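Notes to accompany the following structure.
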Amino acid sequence: MSATDATQVISATTTTVKRFKGALIGCGFFSRNHLHAWRDIDGAEIVALCDADSERLRAAGQAFGIERLYRDAAAMLSAEQLDFVDIATTAPSHRSLVELAAQAGVAAICQKPFALTLADARAMVAACERAGVPLMVHENFRWQPAIQAVGRALRDGAIGTPFWGRVSFRSAFDVFSGQPYLARNERFIVEDLGIHILDIARFLFGDVTRLAAATSRVNSAIAGEDVATILLTHESGVTSVVDCSYASRQARELFPQTLVEVDGAEGTLRLSADYRLEIHNRDGTRTATAAPPPLAWASVPWEAIQASVVNIQRHWIACLRNGGEPQTSGRDNLKTLALVEATYLSAREGRTVELKSLEAEAPAVTSTSSGAVRR
């Protein structure tokens, strides 16, 4: 071996893979899943935390061994050398925080719902595009192993061309004890949960041209709607039904499982309880289990959701590394957020809503950039 060859071998074996450094903003209920997931992902490290609540901030830092703690996001962005921020706060703070990150030239992940209005969401997308930094919405439900398995089967043509589908989430699980603010929200199930299920419908069947929706409130102790049924017409020709309920008291609680039915020109697909995936076509019927993998930190009944957090955050790091656009980029998520707005409009006015009617650019709402955040 020549000296040149030896040098090339040494260089190849000592090459290190870039480790992306991030900070998490918002140390509340769901952020622990983010932090656990970051630990499981090669090439990523959370080096700082930020939260307006000093006690919660300190507890998260101690639990995950993170020493650099901030109560002000602007101060953190100024002091730290970051590749990205993971914004795990509630929606009212999203625009100011995303704009802060864009001004600092830092890529951003933003929890869902992306924004309270389409105008704010468009402003965030524009800010990041002007700054040339990636923006991804943490729309994790489509990244559940079972939903990914359904998507692969449809792409592989297992049942031919789909023409009808249903995506269903029905439960009576107490989501309010961990997130009490949900009981006070005037817009509840569509904005908090339905946004996930609508995004799954987009993931499986493509973009939507029009929808009609009905909502109701069964639980008188909460402010918002807890039942929604939405009929969607997709550009692909598929007609789908999205139905969501937190008022369905079943013999067996399936939270947080999402069930899927799809009829195609050559067969049917069913994702039923316990992640049982059944595909029937001309070759017969086959079944498989699409259960989430065991994670050391996972907790019952959240395993599938927690697995989806790992998957979407791993996808984010891959996009940062190769320069690709995230599946649920800010610009892509405008389409999911538009479905939420169209659902509320349809339910309120009792009519079918054409999605094109929401595509016109709305004037951006003025927002101040406050660094104090809370989840």
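The backbone N, Cα and C atoms fix where each Cβ goes, and this holds for glycine too.
As recorded in Swiss-Prot:
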type: BINDING; residues: Phe29, Phe30, Asp51, Ser93, Gln111, Lys112, Asn140, Gln179, Pro180, Tyr181; note: NAD(+) binding site
type: BINDING; residues: Trp38, Arg39, Ile41, Ala44; note: Mg(2+) binding site
type: BINDING; residues: Lys112, Gln179, Asp192, His196, Tyr246; note: substrate binding site
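Here the features listed in Swiss-Prot are placed on the structure.
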residue : record              : DSSP class
Phe29   : NAD(+) binding site : coil
Trp38   : Mg(2+) binding site : helix
Ala44   : Mg(2+) binding site : strand
Asp51   : NAD(+) binding site : coil
Gln111  : NAD(+) binding site : strand
Asn140  : NAD(+) binding site : coil
Pro180  : NAD(+) binding site : helix
Task = Filter the binding-site residues Gln111, Asn140, Pro180 down to those whose C-alpha lies within 10 angstroms of the C-alpha of His196 (substrate binding site); answer none if the list is empty.
result = Asn140
Request  = Let me know the largest Cα to Cα distance in Å among the NAD(+)-binding residues Phe29, Phe30, Asp51, Ser93, Gln111, Lys112, Asn140, Gln179, Pro180, Tyr181, as an integer.
outcome  = 22
Note = Least surrounded, by Cβ count within 10 Å, of the binding-site residues Arg39, Lys112 is Arg39
Ask   = At the Cα level, what's the spacing in Å between Asn140 (NAD(+) binding site) and Tyr246 (substrate binding site), rounded?
value = 19
Inquiry  = Using a 10 Å radius around its CB, how many other CB atoms surround Asp192 (substrate binding site)?
reply    = 21
Query = How many other Cβ atoms are found within 10 Å of the Cβ atom of Tyr246 (substrate binding site), counting all protein chains shown?
reply = 25
Query = Measuring Cα to Cα, how many angstrom lie between Asp51 (NAD(+) binding site) and Lys112 (substrate binding site)?
reply = 18
Key: All-chain count of other Cβ atoms within 10 Å of His196 (substrate binding site)   = 26
Ask   = Given the binding-site residues Phe29, Trp38, Ile41, Pro180, which one's Cα is the least distant from that of Lys112 (substrate binding site)?
value = Phe29
Query = In the structure shown, with every protein chain counted, which of the binding-site residues Gln111, Asn140, Gln179 has the densest set of Cβ atoms within 10 angstroms of its Cβ?
reply = Asn140
Query = Among Lys112, Gln179, Asp192, His196, Tyr246, recorded substrate binders, what is the largest CA to CA distance in Å?
reply = 19
Ask   = At the Cα level, what's the spacing in Å between Phe29 (NAD(+) binding site) and Gln179 (substrate binding site), rounded?
value = 7
